Amino acid sequence: MKRTPTAEEREREAKKLRLLEELEDTWLPYLTPKDDEFYQQWQLKYPKLILREASSVSEELHKEVQEAFLTLHKHGCLFRDLVRIQGKDLLTPVSRILIGNPGCTYKYLNTRLFTVPWPVKGSNIKHTEAEIAAACETFLKLNDYLQIETIQALEELAAKEKANEDAVPLCMSADFPRVGMGSSYNGQDEVDIKSRAAYNVTLLNFMDPQKMPYLKEEPYFGMGKMAVSWHHDENLVDRSAVAVYSYSCEGPEEESEDDSHLEGRDPDIWHVGFKISWDIETPGLAIPLHQGDCYFMLDDLNATHQHCVLAGSQPRFSSTHRVAECSTGTLDYILQRCQLALQNVCDDVDNDDVSLKSFEPAVLKQGEEIHNEVEFEWLRQFWFQGNRYRKCTDWWCQPMAQLEALWKKMEGVTNAVLHEVKREGLPVEQRNEILTAILASLTARQNLRREWHARCQSRIARTLPADQKPECRPYWEKDDASMPLPFDLTDIVSELRGQLLEAKP
């Protein structure tokens, strides 16, 4: 079943088409460090983008981080994601793993990634290999370092803005003079700045361009092959920073003299591209990334600008540290939601039957919405990614089993509601109120089950290795006596809709 694009997706696609039409066969201008106006343009139009050269980071940290990348790659911990874009399933050219606070998730391109936990204070985490545990600890150490650097950069930005200066440091080397906060800097600013740099996850990326011959060409500026297309990072706390550590493996790190006369960027070196969203007047930037360089996107840069990653010739890792918007994306959150939904269940029933305290329409509506949330935002998202997380840790096994048990109880709740709707003697008005309260959720449930089942059976899904193959879970056959309702709700939804239509004058 083809999904209808959202209004936001349609608007974005329309903007893209209009921009390409305006360009016709011409390229927009972009600048690299070889261009005389490169740094001036950076200062004027991209002041919240900061590059910190590799030389400003300690050799010890470089060594630890780069070994951690290679360790995770050796153990097969990074995976290409089967993502959903405008109703189509696509396999990302980049392999990824999410590391971060225990129980956190991060959603991008309609895919919820679950953290391989790093060892935060007070946690007791078991990884499958000691080397994997050590690598996760290293990325927590890098996270702490980048958080400190981000806070410093945000303080410098705040100080300069308050002093009405129109420049921030662009390329901060090891001996860059630090700027302190002015007297107008207050405690609330400090709290705000720290929260914007409170990185709770890092999304690790890896790609070997030699094994990806079909990479897309950058469409607006002619920047060459893209590893990651133009985008804003999704699902982040508003105005929070993003910090990226880049590690391109051994290869040509400097432009050769023969290439110095070439226009545009060196295709052998990885770059990050920046442009102002939907702006065809301001030149874009292509910033070369050498081994161990870090860059920071501060304040609202991620909202006002788009960025892409331009492939070099050598394999590259990156660690992208983010303040993920987790208000609806933690294990604690979804467990609390499940408990809220099940507050309506009577606890004194001895058998497996579910008895409800209330048939108040608002209570039933909330319960069915939570039922959908745990099924489609958590269980199906997790199992669609196969058994990949077991490569690193069993941390999610028990929570997923717990969520599935709670979800199964919610199936019993839905069954109890349907029994009530059919009960003889139930006033017509009350029946209609219940039907109106639950029908939208049940219709969505049926449609989404069909969609997820089809995704798991798709041709591209069948090509994945066994441990990454999507699993349609929960799934059960019609004759499964342990389940109160069928997997396919078509007949039930049709019957309920018919009852509601009959009742209308």
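Every residue gets a Cβ built from N, Cα and C, even glycine.
Under the DSSP three-state reduction, D233 (substrate binding site) is assigned to coil, being neither helix nor strand. Listed in sequence order, Y108, V242, M297, N302, T320, R322 are the same-chain residues six or more apart from D233 (substrate binding site) with CB atoms under 8 A from its CB. The substrate binding site annotation in Swiss-Prot covers R96, Y108, H231, H232, D233, E234, and the record cites experimental evidence as its basis.
The 2-oxoglutarate binding site annotation in Swiss-Prot covers N205, Y295, R316, F317, S318, T320, R322. Within the same chain, residues at least six positions away from Y295 (2-oxoglutarate binding site) with a Cβ under 8 Å of its Cβ are L49, I50, L51, R52, A243, V244, S246, V272, I287, L289.
Taken from Swiss-Prot, the feature Fe cation binding site applies to H231, D233, H307. Long-range neighbours of H307 (Fe cation binding site) (same chain, six or more residues apart, CB within less than 8 Å of its CB): W230, H231, V272, G273, F274, K275, M297.
Residues or ranges marked as N6-acetyllysine in Swiss-Prot: K216. In the three-state DSSP classification, K216 (N6-acetyllysine) falls within coil.
Under the heading region 'Fe2OG dioxygenase domain', Swiss-Prot lists 32-327.
Per Swiss-Prot, the feature region 'Loop L1' maps to 213-224; the stated evidence is experimental evidence. When averaged over the region 'Loop L1' (213-224), pLDDT in the model lands at 94.
Of the candidate recorded positions, R96, K216, H232, E234, the one lying closest to F317 (2-oxoglutarate binding site) when CA atoms are compared is R96.
Nonlocal intrachain contacts for the region 'Loop L1' (213-224), taken as residues 6+ away from its ends with a CB within less than 8 angstroms of a stretch CB, comprise 19-20, 23, 27-30, 93, 230, 264-265, 267, 271, 273, 275, 284, 286, 308, 310-311. Using a 10 Å Cα-Cα cut-off around R96 (substrate binding site), the recorded positions N205, K216, R316 reduce to N205. Within the group of binding-site residues (R96, H231, R316), the Cβ with the highest number of other Cβ atoms inside 10 Å belongs to R316. Each residue contributes its Cα atom, and for S318 (2-oxoglutarate binding site) and K216 (N6-acetyllysine) those atoms are 20 Å apart.
Taking CA atoms as the reference points, R316 (2-oxoglutarate binding site) and H232 (substrate binding site) are 21 Å apart. The two recorded residues K216 (N6-acetyllysine) and N205 (2-oxoglutarate binding site) have their Cα atoms spaced 18 Å from each other. Across the fold, the C-alpha of H232 (substrate binding site) and the C-alpha of N205 (2-oxoglutarate binding site) stand 16 Å from each other.
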